[in-house]
Amino acid sequence: MTHSQKIQKEYFMSAKSYSTPLLMIATVLAGMLSPMQSAVNGQLGDVLKDGNASAVISFASGLVVMFFIIIAKKQTRQQFASIPSLIKQRKIPLWNWFAGLCGAMVVFSEGASASALGIATFQTALISALLLSGLLCDRFGIGIDEKKPFTLFRVLGAVFAVVATLFVVSPQWHSTSAIYLAILPFLAGLLAGWQPAGNSKVAEATGSMMVSITWNFIVGFTVLTVALVIRMALGHITLELPGVWWMYLGGPLGLMSIALMAILVRGLGLLMLGVASTAGQLLGSVLIDLLLPSLGNTVYLVTIIGTLFALVGAIITTIPEFREAKAVKTAGV
């Protein structure tokens, strides 16, 4: 290595040492968009008295944004137009095209339960289920090319996740309806654990993550809308849309979160991004419940303990990957 190359390497390492903490902070802040979305959709669902209707509105607002993004470029228009032929040719397993159903379940659960449970309780239950789902998907090779066996750290992280959910729900054990509501985000998290794999496969097939996200929104919006139309036809629901503008920002907030994570992952990598974004989600959830008393949510000591357990669980599950990455880096030196 020449002297100039050594100087360049030292400069790069120095710049990276300064940029990584800044990127971590940015990711924590970006992670807070998720509980903000839950709060918005939860309030919309509370006003409409219907989680299905609030989910349709959230998906519709996000879909409008994605529509303009897709039509802006000829390449993305062509990639989107190729979807019917790709489905017909079975380029990827058929179930990947329905990953948007998982997102629909998450947004539906936000509208149906986030306001009643509190954002911290909702997000902790959701994140804990995502960790557990990730463990099972990795073990059985669902949506990934190589199975990952159960390890002490993975199982321990999942245990922390389950304990976290029990902690945050415990203040509401006396309320049967609250327990049922807490099951919604947990089930949504279990289903959503394999959604990124499905979206990734669609992105590979179409050649565009933007197209994949748009397709994801279309699937979720279609299913939720069909269900809503049937219920309205049967007279089970009547809608009066609120006049408060920010209640329609659920979809765009979700898109902002996706876009920022896609940018930040380039500087941090998936592991550090996952931990930092989880920290942001949990911290943001507690702050929303504490700083916005108008939402009517109470933050108990066990709520904070539960969110910390979920964060510890997320960190523990990444330990094997950090070790593998370090070993690979050392071997390459």
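Our numbering is plain: 1 for the first residue shown, then up by one each step along the chain.
Just so you know, glycine gets a Cβ as well, placed from its N, Cα and C.
For 52-71, 92-109, 115-137, 149-169, 175-194, 215-239, 245-265, 270-292, 298-319, the entry in TrEMBL reads transmembrane segment.
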Stretch of maximal Cβ-Cβ contact with the transmembrane segment (92-109) [cut-off: under 8 Å; candidates 52-71, 115-137, 149-169, 245-265, 298-319]: 52-71
Stretch-level contact, the transmembrane segment (175-194) and the transmembrane segment (115-137), CB cutoff 8 A, at least 3 pairs: yes
In contact by Cβ distance (the transmembrane segment (52-71), the transmembrane segment (298-319); 3 or more pairs under 8 Å): no
Other parts of the chain folded back onto the transmembrane segment (52-71), taken as Cβ under 8 Å at six or more residues beyond its ends: 37, 40-41, 44-45, 77, 80, 104, 107-108, 110-112, 210-211, 213-214, 217-218, 220-221, 224-225, 227-228, 231, 237, 239, 241, 248-252, 254-255
Same-chain residue ranges lying at least 6 outside the transmembrane segment (270-292) that approach it to Cβ under 8 Å: 20, 24, 27-36, 38-39, 118-120, 122-124, 127, 261, 264, 298-299, 303-304, 307-308, 310-311, 314-315, 318, 321-322, 325
Contact ranking winner - 149-169, 215-239, 245-265 against the transmembrane segment (115-137), Cβ under 8 Å: 149-169
